[in-house]
Amino acid sequence: VDFNVPLKEGVVKDPTRIAGSIPSIKKILETNPRGLVLMSHLGRPDGQRVEKHSLKPVLPKLEELLGTKVTFLNDCVGKDVEEAVKSSRNGEIILLENLRFHIEEEGKAVDAAGNKVKADPKAVKEFRKSLTNLGDLFFNDAFGTAHRAHSSMVGVDHKIRVAGYLLKKELEYFSKALESPTLPFCVVLGGAKVKDKIQLINSMLDNVNEMIIGGGMAFTFLKRLHNLEIGNSLFDEEGYKIVDELLEKAKKKNVKIHLPVDFLCGDSLEANANTAIHDLQSGIPKGWIGLDAGPKTIALNAEVIARANTIVWNGPQGRFEVDKFRNGSSDLLKKVIERTKTGATSIIGGGDTVNLVQQEKASNKVSHVSTGGGAS
């Protein structure tokens with residue numbers, strides 16, 4: 001399962017991912033198993049036990065959603081864990097501690113000195129063997145990590161491996177959108193760095209008709225395209241090198257790229273920042289940061305969404321966590337909701353975008369909200 005949920009002071013802040021796996025868990029329990037073992041990761045503890053990344057705070061919310069008691073174990077592998085699982089009876093549900101507390105889960109980590117280290121292959125083999133010993137059948141309902149070659153994904157050696165309901169639902173929505181979308185197909189991309197989204201941009205250019213690029217990554221494109229002065233806005237040096245290649249592919253594939261034409265800027269990232277509108281002609285002065293789409297860009301984005309029949313959105317349009325820099329993202333969401341009401345298919349993915357949707361209480365107003373975070 002993917003219980004990698006945000007915590008605040010030891011309490012689950014957003015239970016969406018936990019709730020997403022409840023139907024699969026309940027279905028398995030209907031078959032009267034001897035026991036059910038749940039394994040997940042949380043955060044990035046880099047192969048070490050870090051208490052703030054413990055899965056224990058997930059327990060109360062999981063018990064509440066299931067309406068039954070769940071046993072929590074302080075580790076995920078080893079003799080004690082195997083014995084506890086072996087002695088489970090009457091459909092006992094067991095939640096293991098964070099898989100990523102062990103370097104063998106990801107195969108690599110960062111040590112206390114900040115050096116990158118690799119796991120010992122023999123230890124990885126033992127880790128995977130111990131995970132395998134915890135059950136007879138393997139169910140994968142963790143869409144958010146299904147793309148990773150981690151031990152819990154690829155190293156649990158059971159002949160019968162089954163996709164859970166959540167994984168099935170995610171794959172159905174994305175395969176429909178990518179393989180047989182109702183055209184026009186628009187993808188909206190945001191976030192900070194171009195290089196983090198290279199694969200996504202590349203693959204989407206094979207499928208879409210129009211692409212809106214916003215958020216921090218837009219400034220890297222605008223710097224390359226127009227030599228725009230971007231002040232202190234986000235700039236991705238690595239991504240800058242491949243902008244031409246991406247735009248050339250878009251041209252070949254006849255994909256219309258929409259970049260911001262104006263920006264709401266701040267002199268800091270804080271809620272009390274002074275703000276000003278700048279555009280392609282003026283550029284952004286030194287000491288100022290592009291933090292949201294400007295009014296002209298918001299209007300142009302609305303036009304693109306209004307003509308789309310399939311919409312996939314991954315990444316906000318600005319620093320929406322601060323109210324004054326929220327308009328670009330919240331207005332876009334309103335337009336996506338309006339278009340969904342009139343028949344478009346809308347899929348929202350990416351952790352920040354999903355957070356926006358939940359804050360606006362709009363999860364049931366779009367076609368599908370993915371649990372996959374960046375994996376979406």
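Cβ coordinates come from backbone N, Cα and C, glycine included.
According to Swiss-Prot:
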type	residues	note
BINDING	Val1, Asp2, Phe3, Asn4, Arg17, Ser40, His41, Gly43, Arg44, Leu99, Arg100, His147, Arg148	(2R)-3-phosphoglycerate binding site
BINDING	Gly191, Asp196, Gly215, Gly315, Phe320	CDP binding site
BINDING	Gly191, Gly215, Phe320	ADP binding site
BINDING	Ala192, Lys197, Gly216, Gly290, Glu321, Asp352, Thr353	ATP binding site
BINDING	Ala192, Asp196, Asp352	Mg(2+) binding site
BINDING	Ala192, Lys193, Lys197, Gly216, Gly290, Glu321	AMP binding site
Rounded Cα-Cα span from Glu321 (ATP binding site) to Lys193 (AMP binding site), Å:
18
Are there any residues in the same chain, six or more apart in sequence, whose C-beta is under 8 angstroms from the C-beta of Val1 ((2R)-3-phosphoglycerate binding site), and if so which?
Arg17, Ile18, Ser21, Ile25, Leu38, Met39, Ser40, Asp141, Ala142, Gly164
Between C-alpha atoms, which of these binding-site residues comes nearest to Phe3 ((2R)-3-phosphoglycerate binding site): Gly191, Lys197, Asp352?
Asp352
Among Gly191, Gly215, Phe320, the annotated ADP contacts, find the widest CA pair distance and round it to a whole Å.
11
Going along the chain, which residues six or more apart from His41 ((2R)-3-phosphoglycerate binding site) have their CB under 8 A from its CB?
Asn4, Asn98, Leu99, Arg100, Glu105, Thr145, His150, Ser152
Most crowded position, judged by CB atoms within 10 A, among Glu321, Asp352 as binding-site residues:
Asp352
On a simple 10 Å Cβ count over all chains shown, which one of the binding-site residues Arg148, Lys197 is most densely packed?
Lys197
Taking Lys197 (ATP binding site) as the reference, which of Arg44, Arg148, Gly191, Gly215, Phe320 (the binding-site residues) have a CA within 10 A of its CA?
Gly191
How big is the gap, in Å, between the Cα of Phe320 (CDP binding site) and that of Thr353 (ATP binding site), rounded to a whole number?
9
Suppose we draw a 10 Å sphere around the Cβ of Gly191 (CDP binding site). How many other Cβ atoms does it contain, all chains included?
24
Consider the binding-site residues Arg44, Arg148, Gly191, Asp196 and say which one has the Cα lying nearest the Cα of Gly216 (ATP binding site).
Gly191
According to DSSP, which of helix, strand or coil covers Gly290 (ATP binding site)?
strand
So for Asp196 (CDP binding site), how many other CB atoms are inside 10 Å of its CB?
15
Spatially, which candidate from the binding-site residues Arg44, Ala192, Glu321 is nearest to Gly315 (CDP binding site), comparing Cα atoms?
Ala192
Return the residues near Arg44 ((2R)-3-phosphoglycerate binding site) by Cβ distance under 8 Å, restricted to its own chain and a separation of at least 6 in sequence.
His53, Arg100
